[in-house]
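What follows is a short report on a single structure.
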Amino acid sequence: MKDLLKFLKQQHKSEEFDNIRIGLASPDMIRSWSFGEVKKPETINYRTFKPERDGLFCARIFGPVKDYECLCGKYKRLKHRGVICEKCGVEVTLTKVRRERMGHIELASPVAHIWFLKSLPSRIGLMLDMTLRDIERVLYFESYVVAEPGMTTLERSQLLSEEEYLDALEEHGDEFEAKMGAEAVFELLKALDVDADVAAMREELPSINSETRRKKITKRLKLLESFQLSGNKPEWMILTVLPVLPPDLRPLVPLDGGRFATSDLNDLYRRVINRNNRLKRLLDLAAPDIIVRNEKRMLQEAVDALLDNGRRGRAITGSNKRPLKSLADMIKGKQGRFRQNLLGKRVDYSGRSVITVGPTLRLHQCGLPKKMALELFKPFIYGKLEGRGLATTIKAAKKLVEREDPEVWDVLDEVIREHPVLLNRAPTLHRLGIQAFEPTLIEGKAIQLHPLVCAAYNADFDGDQMAVHVPLTIEAQLEARALMMSTNNILSPANGEPIIVPSQDVVMGLYYMTRDRVNGLGEGMMFTSPDEAEKAYRTGNAELHARVKVRITEYDVAEDGSKTEKVTLTDTTVGRAILSLVLPKGLPFELINQAMGKKMISRLLNACYRTLGLKDTVIAADQIMYTGFHYAMIAGASVGIDDMVIPDAKKDIIEGAEAEVREIQEQFQSGLVTAGERYNKVIDIWSNANEKVAKAMMENLSIETVKNRDGEMEDQASFNSVFMMADSGARGSAAQIRQLAGMRGLMAKPDGSIIETPITANFREGLNVLQYFISTHGARKGLADTALKTANSGYLTRRLVDVAQDLVINNEDCGTFEGVKMTPLIEGGDVVEPLRERVLGRTVAEDVLKPGTNEILVERNVLLDEALVDMLESNSVDQIQVRSVITCENDFGVCAKCYGRDLARGHMVGHGEAVGVIAAQSIGEPGTQLTMRTFHIGGAASRASAENSVQVKTTGTLKLQNAKFVRNTDDKVVIVSRSTEITIIDDQGREKERYKVPYGAILTTDDNATVTSGEVVANWDPHSHPIVTERQAKISFADIDDSNTEMQQDELTGLTRIVVNDLSKANAKEPKLILESDEHGLQEIRLPSFTTIEATDGMQAKPGDVLARIPQESSKTRDITGGLPRVADLFEARKPKEPAILAEVSGTIGWGKETKGKKRLVITPKDADAYEEMIPKWRQLNVFEGENVEKGEVIADGPESPHDILRLRGISAVSNYIVNEVQEVYRLQGVKINDKHIEVVIRQMLRKCMITYAGDSNFLEGEQVEVSNVKIANRELEKQGKIPAQYETQLLGITKASLSTESFISAASFQETTRVLTEAAVQGKEDELRGLKENVIVGRLIPAGTGFAYHQKRTARKLAERQAVEELSVSAADAEQALTEALNAEVMDTPSSDE
């Protein structure tokens, strides 16, 4: 029977569980796991190497050392399986049971579990409502604690020192009970009545007023309730039995020379056992109290060290002064169980080697060295050799392969055919870092890689290595071929643009062959077809660049795939005609009838993919690459020093700039400008000079003048190699050429501030020593940045993956009507991202109407593809409401409609797509790229000169958005609001440009005026912020005296002005201007530090007059150094140091009573109580008394805090803010990421909410819960007609969000393992295994991708089983009832016997 049970037990498949529960182990449970008590500290006998009986490696407890053999050797072999040897007591079985059988130690005295004691907040402390220090004093035998006060005046859980205890004993005798050590805490915990406490606290909560007490009680209530629900008992936090880990998980290995290598755990266990045995002996001997106490304390310390060494006091060290690795250390950190063995495993059948170029490969191929292939495909080769009859056994096959017989190679060819291999390059930053290829066998020892996939791998051939993996099973091969093949990964998942794009030499070749040249050989010829043009080129009758006419045949591809011909005589060049021969039919010739730079080639491949599909694109990409390589060779473009032409104008520009700088310097010395202004202006002058030199140089390089056929002079694009390389996008940029042939310009110090002496030389002229020395700053900073930021970026990616890993596409449509509003993104007047790019591949949330009409252009829930976007653009739609993952209403995962297009495939996203991980990779991957690319411009300061005007680029109508303005004495408009924008509207009513104009800007035209291109419409001073009067008023000074201001004379004009001193010094009064006007009464304006006062005391001010100017700070350069940490700050939702102050309510601004160092801001709404806020005096406010503000408007400048935006402006505002800020950082680096990915992460950051009103739900006020849980609970409550809970969404940083996920397995494997597991155990948490990480850890298919269907089937099967069981139980109940009725009837019928 036992064997049968065993057999059944083995049959049970391990993955058939639905969730994992973690809890506290009760002593009985620990004993039930155990196979015997470990009584001795001995490990193995050093002579025989056999484990000692009852020791830490005892074979009787843990199982045999050799398979099916008992320790003394009486029973050997399989036939005795299951026998227990009567001599040595060992069960005859497999030795691997030594990995799973546990033992236990019966502790002579209870011991507190350090995790529940010291892991903050201390669970034991919270349970007993005592402080951690008090509990520690009891545990480590410094104080007594009252366990049972009896009829005395003492309180339960009161602490008594030794003297107090003796006094109490004298006074009360044995009426009370006080103890020390873990027994005392054990008794206290055991005496707790959890149910009664919970009920009492629930009643008490509503009546509590103090916030701190309420918080504390809520915390304790949550803890007690979790004990109530989980079935854990509080006293189980104190150990009375200690489990012992199976011996094979803490091995002891004999080294040669009689020494042993052992796991640290064995040392820790030995200490525990030694101290425990000593304590038992002392107790038996009834030793004096003080000795026993000391021994108990040592036992407590030994168990602490075993569970978590170093958590309390000094870590216990081994013989080599290194802290011992405890159980907690085994599971946490990069080398711990989770990250080392469960999430990352080494794989079989893999190899690695250096990579080289394979320019002749097709896109789906890679070159695999024969040696590697032979090794990797061994099992397949053995099988084939046996199947062919070339070898009789595996051994013979092995011999054949080792001898490398000729037939082995034939078999290898056959095995490899159609069997894809995976190539991976570390670091794998996104999913394109592992792709599948078909191997072709090559001689040599280096793997050959197709040049076009280098971009995806970020690989180059300067010694990079790659790993090869072999997918073994049919399913794996199928997935490799269908999903991972390089030919299936043409589009980048980050932005949906082709990632298989030619670069470098290929671009150079294509650019060279598609350029035109004036008066080239063969100009003006006519050809009947591109083939004829090619013949003319091959025979030397025409050159590549000759301008000719060619008859071009184009094919229009219809929807059904049929092609119609169209023939036109086109002006083109010979080279372009030749290029048209390699393109697939169906692409318009105009795509290549131009000089093909990198952007154009990318556009060409994109068009090809969208119109002709995958297969043609792959073929085209290969053909384009071969052609490019060929013509790059023919071009033979090389760079000589004479190619870097220095412009003649450079000398004059630099002299002019130096003169301007001298002038500024003189003004500074005569006190006209402050040091900061001088610095800013000098830097502006040099930035402008640099731009001018660069412009002159590029004009010089890019155009040359030649004679045409008629003997006239004509301009044409230059054939200078340096220019061609940069212009085509093959290598280098204008910024780099500027350093070669213009001037190096301004350099930055390592701290980011700009050195004001520029490097006027360039690399062709050479730098002198000082210039070279200044340059080294930037170069070194670049290298240092690289090293640091690679790690930072990797960590950011890890956090992103962790927070987003469980977001999977779950269903088709969640049915929401919500969405986000999309408008074109405008920065600095330019449209940086047109609407079409932002909405492409999104689903429309509500019908899109034609502007000004009710005509529906696109209905809701339609996916916008290229054609629809073009249609919307031609109808000049300027805003669209689209579905977004942020507003998706699925409880778990997101729906396909809210996500939209799968960027890497170009169609609607499929079910089971792991959009979270893709998003994390798309954001993280360029982060690493950026950090590796800081230093290419060698730290040259790339700071735009400060803007001081708005110059319009297009002709149209000027409109002011949310403007407040006054007219000054010259009848010009002066802006007096913070959020004014100028927009330029064209004749179709489309917004063409948008500019922010600052407070105090003066407009040259009026609202709704017509402006022409190039006109300057607004001016302001970029270096200072003016204070402008809005009405006629009399000015008087208040608190302006020598203590806080000083006079400064302007030597040019002889005027004196008052400048405010630094007010951050102690008790400085704040100077004010008082404005007195008839209709508005008094208004005061406070002046911050360093303000220059332009008004005079007692003057009559007109509207638009400038009363004072506040200087602006000088600017630092923006390197991505600001970039990566900035992105991390945004995703971590960190509060900035001095955040902008936002208005908490809408209303009128006023001032209240001041206190030390702070002013009191009062906002009075129309119909509610005034809101007050204290603001530090030194903060510069944007608002004046009497102004009206809207809720969420900026009152004091500074970086905005996302938490404030969420609280005051809502979810859509905060998501817009984060998306735009993150995008700005990436855009600065020229990286494109789709907004979707950032939204996915934001959705995860907004998962939690704070309960503001509990209603009839089980939540507590102030508790933090998952939004989805509240929604589910509220739906239930509404069904029952009860009051739902109300909540406020909270924004969590990605680290916090990952740690507070529902799944404790996922959180524990991320960070802070101890804390997460402690919390989960106390709450008796269940992990539903919803996310990807949890499933990887328990060793199942993940519920995404191809595993999605498996999991769905499993759930369906479980449901069916459950229903079947219910039906069965119902029918069983029916049967039972019928039976009882039948029996009763019989009883009634049987005649009674007494008759």
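Glycine is no exception: its Cβ is also placed from the backbone N, Cα and C atoms.
Here is what Swiss-Prot says about this protein:
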type: BINDING; residues: Cys70, Cys72, Cys85, Cys88; note: Zn(2+) 1 binding site
type: BINDING; residues: Asp460, Asp462, Asp464; note: Mg(2+) binding site
type: BINDING; residues: Cys814, Cys888, Cys895, Cys898; note: Zn(2+) 2 binding site
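Mapped onto this structure are the features recorded in Swiss-Prot.
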{"residue": "Cys70", "record": "Zn(2+) 1 binding site", "contacts (Cβ under 8 Å, 6+ apart)": "Ala59, Pro64, Lys76, Val83, Cys85, Lys87, Cys88, Val90, Glu91, Val92"}
{"residue": "Cys72", "record": "Zn(2+) 1 binding site", "contacts (Cβ under 8 Å, 6+ apart)": "Cys85, Lys87, Cys88, Val90"}
{"residue": "Asp460", "record": "Mg(2+) binding site", "contacts (Cβ under 8 Å, 6+ apart)": "Cys454"}
{"residue": "Asp462", "record": "Mg(2+) binding site", "contacts (Cβ under 8 Å, 6+ apart)": "none"}
{"residue": "Asp464", "record": "Mg(2+) binding site", "contacts (Cβ under 8 Å, 6+ apart)": "Val354, Ile355, Arg425"}
{"residue": "Cys814", "record": "Zn(2+) 2 binding site", "contacts (Cβ under 8 Å, 6+ apart)": "Cys888, Glu889, Asn890, Val894, Cys895, Lys897, Cys898"}
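A strand conformation is recorded for Cys895 (Zn(2+) 2 binding site) in the three-state DSSP classification. For the Zn(2+) 1 site, the Cβ centre of Cys70, Cys72, Cys85, Cys88 serves as reference, and the other residues of the chain with Cβ at most 8 Å from it are Leu71, Gly73, Lys74, Tyr75, Lys87, Gly89, Val90. Taking the mean position of the Cβ atoms of Asp460, Asp462, Asp464 as the Mg(2+) site, the remaining residues of that chain whose Cβ falls within 8 Å of it are Ile355, Ala459, Phe461, Gly463.
With a 10 A radius on its CB, Cys895 (Zn(2+) 2 binding site) counts 22 other CB atoms from all the protein chains.
Sorting the binding-site residues Cys85, Cys88, Cys888, Cys898 by the number of other Cβ atoms within 10 Å puts Cys898 first. Using the Cβ center of Cys814, Cys888, Cys895, Cys898 for Zn(2+) 2, the list of other same-chain residues with Cβ within 8 Å runs, in sequence order, Asn811, Asp813, Thr816, Arg883, Val885, Thr887, Glu889, Asn890, Val894, Ala896, Lys897, Tyr899.
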